[in-house]
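Features of the protein shown, as given by TrEMBL:
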- 25-49: transmembrane segment (TRANSMEM)
- 43-294: domain 'G-protein coupled receptors family 1 profile' (DOMAIN)
- 61-80: transmembrane segment (TRANSMEM)
- 100-122: transmembrane segment (TRANSMEM)
- 143-165: transmembrane segment (TRANSMEM)
- 207-228: transmembrane segment (TRANSMEM)
- 240-263: transmembrane segment (TRANSMEM)
């Protein structure tokens with residue numbers, strides 16, 4: 001067995017490989033990731049500003065959309081700048097603590113987003129199935145409380161995992177065959193039995209995803225049942241239209257997340273660069289798509305962004321004058 005590469009007082013850094021077997025194409029591969037990240041920054045920032053500055057959007061549903069925008073900004077910024085540094089500058093070294101901090105942010109805000117999507121499905125359930133009680137059940141402060149509860153739950157799950165992982169001895173081979181500190185790739189470098197951390201991470205991920213997706217499914221089954229009872233076809237279409245963007249975001253999040261997670265854990269015959277590209281795409285594409293989906297499907301968000309852009313254009317014109 002190789003000697004551990006660190007002590008408790010002087011841990012050595014890790015080295016990120018980028019995309020294994022495709023290192024010569026790193027610059028070209030970086031282009032779509034860079035464009036995606038810029039679109040993520042612009043789109044989610046516009047959504048945040050539109051919701052924050054327009055008082056008519058200070059309602060629970062729009063608060064949840066703003067939370068998703070903030071989560072996506074934090075989530076992608078924790079990974080993409082370092083990923084681009086690897087692709088562009090061959091800046092592969094990442095400190096021991098920085099690696100686990102990056103991992104903590106990725107997993108924590110993935111769990112937070114799952115909780116916010118659950119809260120959004122319950123919001124749509126109350127709005128459609130109990131519309132007369134909506135204002136008494138849900139409010140903007142309660143939406144914020146739901147977001148904070150999702151954050152607390154995620155941090156509570158991640159702290160034990162980080163304690164398990166940082167307590168492991170890591171071998172002299174410190175090369176991570178990934179573009180970021182992907183959980184399973186880092187665990188694979190440990191010079192000790194990792195069964196406990198593996199069982200904990202798989203169990204918590206399965207429990208969290210299973211619990212949240214079960215409640216979301218229940219909410220939408222109840223919504224569909226209520227919608228089908230509406231007397232007017234137009235009313236049914238309008239009710240379903242308010243949920244379309246949310247369902248699309250849910251499908252992207254859960255299907256993409258499960259595919260990425262189980263490819264990393266269980267698929268040994270798949271080419272390494274395919275696994276890495278799937279994981280990198282999951283970290284970059286959904287945060288870019290979410291503001292586009294809500295900007296296209298939710299008219300109030302569209303109007304808020306137009307109003308914001310109009311104000312910015314007016315302020316610039318007055319300064320030029």
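The backbone N, Cα and C atoms fix where each Cβ goes, and this holds for glycine too.
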Task: Contacting positions for the transmembrane segment (240-263) when only residues 6+ beyond its ends and CB under 8 Å are counted - done: 68, 110, 113-114, 117, 120-121, 124, 127-128, 205, 209, 213, 216, 220, 223, 227, 270, 275, 278-279, 281-282, 285-286, 289-290, 293-294, 296-298
Open item on the list: Checking distant contacts: for the transmembrane segment (143-165), what same-chain residues at least six beyond its ends satisfy Cβ-Cβ under 8 A?
Closed with: 60, 63-64, 67, 100, 103-104, 107-112, 114-116, 118-119, 123, 183, 186-187, 196-197, 200-201, 204, 208
